[in-house]
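Everything below concerns the one structure shown next.
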Amino acid sequence: MVSVLCDVQGTSPAYSTYKHTFNLDTLELSGVVSLSSVVGDDTDLVSERPFQLLLLINVLPPLGTALLSPVLGSLVKPLGASTANIGLLLSTFTAPAIFVIPVAGVVSDRYGRRPVLIFGLLWFGLTGTAIALVSTFEAALMLRFLQGIGFAALTPIIITSLGDLYTGTKEATAQGLRFSGSGLSQTVFPLAAGVLVGMAWQYPFLLYAVAFPIAAIVYVWFEEPIEPTSDDDSPTDFREQLSDLCTLVAHRRAWSMVVARGSANLAWFGFLTYNSILIVDVLGGTPAQAGLLAALASLTYALAATQAGRIADLFDDRVYPLIASNTSMGVGLALVFLATSLAVAAIGVVLMGIGFGLVLSIYRSIITGLAPSDLRGGLVSLSEGSGRAAATMTPVLMGAAIAVTTSHLGFAVAVRTVGVAIGLLSAGTGIACLLAMSTAAPLRMDR
């Protein structure tokens, strides 16, 4: 029996095997602002090949939903869909990830991160690009479902790989920069999709083909960051691994973080779902103004995420900045739904974006440090599956709550009330989980 103590500040032997490809420590932006002044003292990770490659892979996953958001209306007629069901192109993509993400994590623990990432890139690109070749809504839905499986093999494994390579504030910085990259990807590619769909409805889906050259680059240059736990398909070994993962998740420090990770998505997807309805139908604004608020939210969380490592370094206990970030996120969303003007809503969006960007980056850093390397992929995948479950359920639950309360409160008040409630629920759940984790005994596994 070997006692393994796993805590937030774990070690990462794999990191020492990589060399810097070039030095960005002294890089200056516009000749005035140094990179270290923007992201803190861990700028050297930007010059490391493994981080660069993981950041390159990370271009793809955010496009699963962001690429379609601005073009859904243009797909109704050519695919024979309706305005009522075209949104299924989004939900069929997110649904399979709830169940596939945990499986992908366990597989990556057994056979390595690299093969799972390469499969995810190829499958994501193949199924996404193939949508340009179909002519029926049913075929498009099937391909979107299959593409969701590819997503499940990407984001959680990227996050896990960062946990394999880095520790402490450096890992928090890496997770934050990855999250910032997601925000930038969600800003740039949808703009391109909006232009391409004006030429032909199929063209936006061809952007998914960028996955193929990225997969080739990863195949050639990305080195496996861990030693796979098994070279065979022994059912006994697999059952033991699942048993160890269940034992890990049963510990309060682990399950509380899995739940907390999911709770953050309540606020974010609550905003994304009802942003346009709130601005256009309640405040009397325009779709363009709703789009500006969505862009402001993405930009804010992307910028905030770059500061995750620096903020984590300021505190001995990460619980304190996380409680503050959850509060900012929840209060910000409540302010958005209570706003009587676009300016007030924008202030709320900034507060929410700051909280969301910091919360997710630091959560992910903590979660990767809770597990040994042979269980890290499984734990991270469970936490990301929790996030996908929250993303899938939030629009349904909010819609049902608004439908029930509209007859008593009126539509506008119902939207505001439910929006405020989801913000408080998101922040309250996150804070409760943090308090539960902070009072739990250190996570120890006998193996």
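Backbone N, Cα and C atoms are what each Cβ position is placed from, and that goes for glycine too.
So that you can see what the record holds, here are the features copied from TrEMBL:
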- 50-444: domain 'Major facilitator superfamily (MFS) profile' (DOMAIN)
- 51-72: transmembrane segment (TRANSMEM)
- 84-104: transmembrane segment (TRANSMEM)
- 116-134: transmembrane segment (TRANSMEM)
- 141-159: transmembrane segment (TRANSMEM)
- 179-198: transmembrane segment (TRANSMEM)
- 205-222: transmembrane segment (TRANSMEM)
- 266-284: transmembrane segment (TRANSMEM)
- 291-312: transmembrane segment (TRANSMEM)
- 332-360: transmembrane segment (TRANSMEM)
- 396-415: transmembrane segment (TRANSMEM)
- 421-443: transmembrane segment (TRANSMEM)
Counting a contact as 3 or more Cβ pairs under 8 Å, with residues at least 6 apart in sequence, do the transmembrane segment (332-360) and the transmembrane segment (266-284) touch?
yes
Below 8 angstroms Cβ to Cβ, which residues of this chain, lying six or more residues outside the transmembrane segment (205-222), approach it?
49-50, 53-54, 56-57, 59-60, 63, 67, 114, 117-118, 121-122, 124-126, 128-129, 131-132, 147, 189, 192-193, 196
Sort out the residues at least 6 away from either end of the transmembrane segment (396-415), same chain, that have Cβ-Cβ distances under 8 Å to it, and list them.
270, 273-274, 277-278, 281-282, 337, 421-422
For the domain 'Major facilitator superfamily (MFS) profile' (50-444), the averaged pLDDT of the predicted model is 86
Below 8 Å between Cβ atoms, which of the listed ranges 84-104, 116-134, 141-159, 266-284, 291-312 makes the most pairs with the transmembrane segment (179-198)?
291-312
Where else in the chain does the transmembrane segment (421-443) make close Cβ contacts, counting only residues six or more beyond its ends and a cut-off under 8 Å?
5-7, 248, 251-254, 256-257, 259-260, 263-267, 270, 317, 319, 322-323, 326-327, 329-334, 336-337, 352, 355, 359, 370, 394, 398, 401
Any chance you could find the range in 51-72, 84-104, 266-284, 291-312 with the most Cβ pairs under 8 Å to the transmembrane segment (116-134)?
51-72
